[in-house]
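Engineer: Encoded as structure tokens, here's the structure I'll be asking about.
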Amino acid sequence: MVNKTAQLKQALENRILILDGAMGTMIQKYKLTEDDFRGEKFKKSAVDSVAEWCTWPVGELLKHALVKGITTCQTLPSPLDVIEGPLMAGMDVVGDLFGDGKMFLPQVVKSARVMKQSVAYLEPFXNATKQKGSSNGKVVIATVKGDVHDIGKNIVSVVMQCNNFEVIDLGVMVPADKIIQTAINQKTDIIALSGLITPSLDEMEYFLGEMTRLGLNLPVMIGGATTSKEHTAIKLYPKYKQHCVFYTSNASRAVTVCATLMNPEGRAALWEQFKKDYEKIQQSFANSKPLRKQLSIEEARDGFSGEWADYVPPTPKQTGIVEFKNVPIAELRKFIDWSPFFRIWGLMGCYPDAFDYPEGGEEARKVWNDAQVVLDELEQNHKLNPSGILGIFPAERVGDDVVLFSDEERTQTIGTAYGLRQQTERGKNSKSPFNFCLSDFIADRQSGKKNWFGMFAVCVGVEEMELVEGYKAAGDDYNAILLQAVGDRLAEAMAEYLHFELRTRIWGYTQEEFDNQGLINENYVGIRPAPGYPSWPEHTEKALIWDLLEVEQRIGMKLTESYAMWPAASVCGWYFTHPASNYFTLGRIDEDQAQDYAKRKGWDEREMMKWLGVAMK
């Protein structure tokens, strides 16, 4: 008995942390000692009236409940009152602070986590009384068909919920008909579409065309890395001109637009402003003249010769396919570029300077520290299995294309990588006088030089999405988004790791020491451009990588119908070793090149416009 009394006394003397239910932040610390349970104050706590003792300060209330063994205390009439009272009051403060730039995204998502978990706890009690809460409006949000990227969508979803919007998140790769039917069935106020890859722009255009065809007039918000106000004005607005389509650049802006749309007068005024902006952009686009003229494709091809007379392509030490399975997280950490991580969270600066920014620096350090905890856990529990695959094949340039072979004699063709060439005339301020195509950095047969062509695909592991969904199911959006952000960094680190291994060991054409900052600054020979990005903006070329490397069979990565990679934390690309190879921006191409490319690919007019329309602008 003495031992139990001592244990109780020790427990009482330990600090008890009282958490404010609305914000989930520590507001008081109480050190309870034996003296707290003696004297007049304690005697008063023997009161039997629930109405009286429930009005005491929270510290006194806790003391009384602890001694009396009371596990329930009602200070508000119903669970719904708790949600719509202190919880929503707290989130209103969060929304206001975020909108005013006084609170940063990681803080908002953490507050949303407390809100979600609190509501999840209260929901069974609310359901028992058949109570339903009010909201500022109902929003259906989705990443469009063919696209798997959803970090930005998830952030918008969380911030919307922080502002008391009911959000129906349909996830990724959602067809237009499912979004529309859900919006109708749920009597939605607003639809929000997200997309990262350029084919998603076509899907958004199709979606708005369907909305018009069906006679629907719900406001539609557009967002994502590949979207812009200019594209919305020129391509999307005409598809939904009689209704409302809004481009929103970030989560804060999305909330502002949604809040305004829920007020009929505000909605009309906002749409008028957007229409004026769109029509101004359209007029400017129609009247614009190119700063430099476009060359014919034949003129553009009369340029870079590769300087093959003075250059001998390095012979790989190893050719064929090389697999990398379960690369240790500890190894990949050395290759991480942290700067893009902060941009995901809306924080300023590059690593490590972001920590010293007067606005957001402290929060940048906190979220970075949280990321280190995630990496530590991944190192220990091995729940992610980063994998990659690369291949090196004999190759030669044929015009703007790279033809690949299975044999050193270059007689057995196994595939062709089709290239696009810059057509805009080079100006005096251009980095190079040449109109580049990536095939320029591969020797043709006439040069007499033997050349090779490399390709790769990497992902952090197909297990990532299961872990993310687990956090979401637990109402923990913060760790879900944090894991996705870390996963993206690991995927890029994996790509950097393979490229380093290729240069120094597998192809073995350079002798270099590991230097992470040097890798970030690309202080090495060779490049790894990706299909779908500025130098090679045509996404269907990923199929060649998948076919030759057997990517899906070997490491589980997949391509969607829009050629987005699954899982989202994935990277693929080509390897070039020529010392003059560089990452250039293709820019606008003209119809003569588009038709020539389509002919080489075996496309009809429809396919040409689908996959090259963005490059043709």
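Residue numbers in this text run from 1 along the chain shown.
Yeah, the Cβs are placed from backbone N, Cα and C, and that goes for glycine too.
Sequence annotations record features per position, and here Swiss-Prot assigns methylcob(III)alamin binding site to Glu84, Gly146, Asp147, Val148, His149, Asp150, Ser194, Thr198, Ala251 based on similarity to another entry. Residues or ranges marked as S-adenosyl-L-methionine binding site in Swiss-Prot (evidence: similarity to another entry): Asp337, Arg528, Tyr583, Phe584. Residues or ranges marked as domain 'B12-binding N-terminal' in Swiss-Prot: 33-134. According to Swiss-Prot, the feature domain 'B12-binding' maps to 136-272. Among the features that Swiss-Prot reports, domain 'AdoMet activation' is placed at 288-617.
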Engineer: Here are the binding-site residues: Tyr583, Phe584. Which has the lowest count of other Cβ atoms within 10 Å?
Structural biologist: Tyr583
Engineer: Could you break down the residues of the domain 'B12-binding' (136-272) into DSSP helix, strand and coil, giving a count for each?
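Structural biologist: Across the domain 'B12-binding' (136-272), DSSP assigns the residues as follows: 69 helix, 26 strand, 42 coil.
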Engineer: Summarise the model confidence on the domain 'B12-binding' (136-272) as a single mean pLDDT, whole number.
Structural biologist: 92
Engineer: Residues with Cβ closer than 8 Å to the Cβ of Asp147 (methylcob(III)alamin binding site), same chain and 6+ apart in sequence?
Structural biologist: Val172, Met173, Ser194, Gly195, Leu196, Ile197, Pro199, Ser200, Glu203, Thr560, Ser562, Ala564
Engineer: Taking Asp337, Arg528, Tyr583, Phe584 as the record's S-adenosyl-L-methionine-binding set, what's the max Cα pairwise distance in Å, rounded to a whole number?
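Structural biologist: It comes out at 21 Å between the most distant Cα atoms.
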Engineer: Name the residues of the same chain, 6+ apart in sequence, whose Cβ is under 8 Å from the Cβ of Arg528 (S-adenosyl-L-methionine binding site)?
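Structural biologist: Set apart from Arg528 (S-adenosyl-L-methionine binding site) by at least 6 residues yet with Cβ under 8 Å, we have Phe456, Ala495, His499, Gly573, Trp574, Tyr575, Phe576.
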Engineer: Give the distance between the Cα atoms of Ala251 (methylcob(III)alamin binding site) and Tyr583 (S-adenosyl-L-methionine binding site), rounded to the nearest whole Å.
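Structural biologist: Just about 31 Å between their Cα atoms.
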Engineer: I'd like the number of other C-beta atoms within 10 A of the C-beta of Asp337 (S-adenosyl-L-methionine binding site), please.
Structural biologist: 16
Engineer: Distance check, please: Cα of His149 (methylcob(III)alamin binding site) against Cα of Asp337 (S-adenosyl-L-methionine binding site), rounded to an integer number of angstrom.
Structural biologist: 20
